[in-house]
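Undergrad: My questions will all concern the structure given below.
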Amino acid sequence: MGGTLAIEADVDPRIHSTTEHVGMAIRILEDSGTTAFLELGDKADKLCTTVAAMYQTIPYHNFKHAFNVMHTTYLLLESCTHTVPFTSLETAGLLLAALCHDVQHNGRTSGFHKTINSPFAKEFGTHKGSILEAMHANVALETLVNEHIFDSLNDDDCAAIKTFIEELILATDMALHPQIVKEFAEKRDVLSRAKMILHCADISNPTKRPDIAKWWSHNVMREFCAQVEEEAKLGLPISGFMKADLFSPEEAKLHLGFIDSFALPAWRLMAASNDFGSYVTVQCMSNMVRCRQTWLDVIDREITPVADDEAAVERKRKRFDELSTCGDVADSTQHKRRYLKVNRISTLESPVDCHVT
């Protein structure tokens with residue numbers, strides 16, 4: 001790729017292309033010591049480029065999401081104040097698992113694959129873990145081996161990091177959320193801590209600056225809508241929890257429910273654990289409170305309607321569709337400038353009282 005990029009603490013995926021995200025992923029491997037530990041050299045560049053190409057061009061589960069999870073995992077590792085730090089092998093395993101955790105995702109849930117008995121379901125339906133996570137783990141390890149990522153390790157370390165990566169990717173299944181949180185609260189061993197970090201990074205959208213968080217959430221909704229449409233075409237039962245129109249109060253309720261049921265309790269537990277510094281306890285928790293309020297505001301507008309006719313809503317939806325991948329269009333400068341002009345919210349000037357303890 002020819003060089004890496006400096007990484008901002010708050011990466012805005014709207015203004016960086018996928019190629020730039022690859023460069024930032026390479027930089028994380030370098031800065032974390034993973035490249036040195038695994039003696040990767042140029043293999044780090046090739047790995048990130050290869051993995052990025054394996055992610056599909058879909059609204060949410062694309063390489064930008066993979067990088068976002070990897071970046072958040074890295075920030076959590078940097079913020080970690082636990083008395084027993086992660087080893088170089090564990091750090092490498094966490095970051096590689098984050099990079100590959102949704103590889104070859106096609107925008108449909110494991111339940112959908114099971115219902116239609118898709119090729120993924122036929123191949124991975126009997127594997128350990130859910131269909132998608134089993135597929136992601138299998139493809140990830142196969143790719144890492146093919147790219148000779150573990151060649152410098154002895155047999156024991158090679159087996160250990162493979163097992164670690166597999167366990168971490170399988171643990172990103174949302175169905176395991178209660179188990180992951182419970183084990184982090186009670187066990188506090190290396191694996192339970194690592195699973196919690198990757199899981200929280202995977203559900204970290206509400207911890208980002210509110211305008212970025214909202215962009216991610218709308219892309220989740222676009223992917224949900226695509227599955228609902230396909231279910232309707234195939235005559236399948238509709239996944240009701242995925243059914244909501246973009247920019248509607250119903251969408252806001254869906255995202256608010258996710259925050260209150262999953263993201264906020266998990267991140268609050270991490271913030272109260274004394275294992276992490278201000279990145280978690282102040283920045284992420286403050287953003288979570290602000291993000292939550294943005295969805296409450298949308299719901300409030302349903303109760304007390306504002307002058308916003310159907311044409312205005314349609315223009316807003318069209319603008320989002322046009323600019324949702326602005327960092328990847330050929331002539332993106334104008335799109336980026338326009339997007340930020342109409343969407344950006346001012347940055348946090350003072351921490352929000354988020355009642356962490």
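Each residue's number is its place along the chain shown, starting with 1.
Each residue, glycine too, has its Cβ placed from N, Cα and C.
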Undergrad: According to TrEMBL, H101, D102, D202 bind Zn(2+) 1; which one of H65, H71, H148, H177 is listed for that same site?
TA: H65
Undergrad: Around the Zn(2+) 1 site (H65, H101, D102, D202), what further same-chain residues have their C-beta within 8 angstroms of the site's C-beta centre?
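TA: The answer, listed by sequence position, is H61, A66, V69, A98, H105, T172.
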Undergrad: Just the number: how many Å between the Cα atoms of H101 (Zn(2+) 1 binding site) and H61 (active site, proton donor)?
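TA: About 10 Å separate the Cα atoms of these two residues.
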Undergrad: Once the DSSP letters are reduced so that anything not helix or strand counts as coil, what is D202 (Zn(2+) 1 binding site)?
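TA: Looking at the DSSP assignment, D202 (Zn(2+) 1 binding site) belongs to a helix.
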Undergrad: Within 10 Å of its Cβ, which one of these recorded positions (H61, H65, H101) has the largest number of other Cβ atoms?
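TA: Result for the most crowded candidate: H101.
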Undergrad: In Å, rounded, how far does the Cα of H61 (active site, proton donor) sit from the Cα of D102 (Zn(2+) 1 binding site)?
TA: 7
Undergrad: Give the residue from the binding-site residues D102, D202 that has the most other Cβ atoms within 10 Å of its Cβ, counting over every protein chain displayed.
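TA: Top count of Cβ atoms within 10 Å goes to D102.
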